[in-house]
Amino acid sequence: MALTSSYMLLFPLLVMIAFAGDFNKDFDLTWGDGRAKILNNGELLTLTLDQASGSGFQSKNEYLFGKIDMQLKLVPGNSAGTVTAYYLSSKGSTWDEIDYEFLGNLSGDPYILHTNVFSQGKGNREQQFYLWFDPTADFHTYSITWNPQRIIFSVDGTPIREFKNSEAIGVPFPKNQPMRIYSSLWNADDWATRGGLVKTDWTQAPFTASYRNFNAQACIWSSGASSCGSSASESTSGSSWLSQELDSAGQQRLKWVQRNYMIYNYCTDAKRFPLGFPPECNIS
């Protein structure tokens, strides 16, 4: 795998960074006044929402490209009105962001998995899915693979969305701004469930989402420099994600998910884009 000269400048040396699951070392609890907890010697993190407040955490490190895995078990039962957000984001008015948001629902109705990609402060690239399992019954792995060519969203190893670098046709791509990992559990009953028609049932509170087995094979950004390099031999053996693309089997799994479980795609919303779809929608 060879990188262009611009990426060679960006990655002066290759150091493979991989974490496996000590939340005390990898994350800070940032808000919620004790509603976020790290348990079991750093192996488990929980976020809680009640009528007074939600809670959240963020990574100690910033990343510029990587493969990020996290196992989540979502709020069970009547989770209507709640949102569990898990995303990468930079700062500033022209920020980049890669989003998972899990929109709660009434007992027996499926969660909606909402995804979005922001580049230079512009989002509006929503795709939404149902899941093919109950995300509240057990932990499942939600992954983001982010490299200079594409962003791949995967659930338990199955790709659900691919956002390709379309800079050649004038679409900004997240590639210059390091991002932290953030997650939060919060009340959004003004919009989250059936457009805000279904409100949070506070008699069911507190609501809890759980996290475990965080893993990052990623380029850490620190003091203006990346921990990653451009050595082809090292990249092949240690960071295949840096050039990862979907093979034919991955493409077939992606099509299976999008055919059977996608419930909204901005690239097919003609009412929203009466003058024509965004240019990246024409990239196959």
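Glycine too: its Cβ is placed from the backbone N, Cα and C atoms.
If you look up TrEMBL, you'll see 1-20 marked as signal peptide. Feature annotation from TrEMBL assigns domain 'GH16' to 5-211. Positions annotated as active site, nucleophile by TrEMBL: GLU97. The annotation active site, proton donor is assigned in TrEMBL to GLU101. Annotated N-linked glycosylation site per TrEMBL: ASN105, in sequence order.
Within 10 Å of the Cβ of the residue listed as 'active site, nucleophile' there are 18 other Cβ atoms, across all protein chains. Less than 8 angstroms from the CB of the residue listed as 'active site, proton donor' sit VAL83, THR84, ALA85, TYR86, TYR87, LEU113, HIS114, THR115, ASN116, each of them six or more residues away in the same chain. Here the C-alpha separation of ASN105 (N-linked glycosylation site) and GLU97 (active site, nucleophile) works out to 25 Å. Neighbour count (other Cβ atoms within 10 Å of the Cβ, all protein chains): 20 for the residue listed as 'N-linked glycosylation site'.
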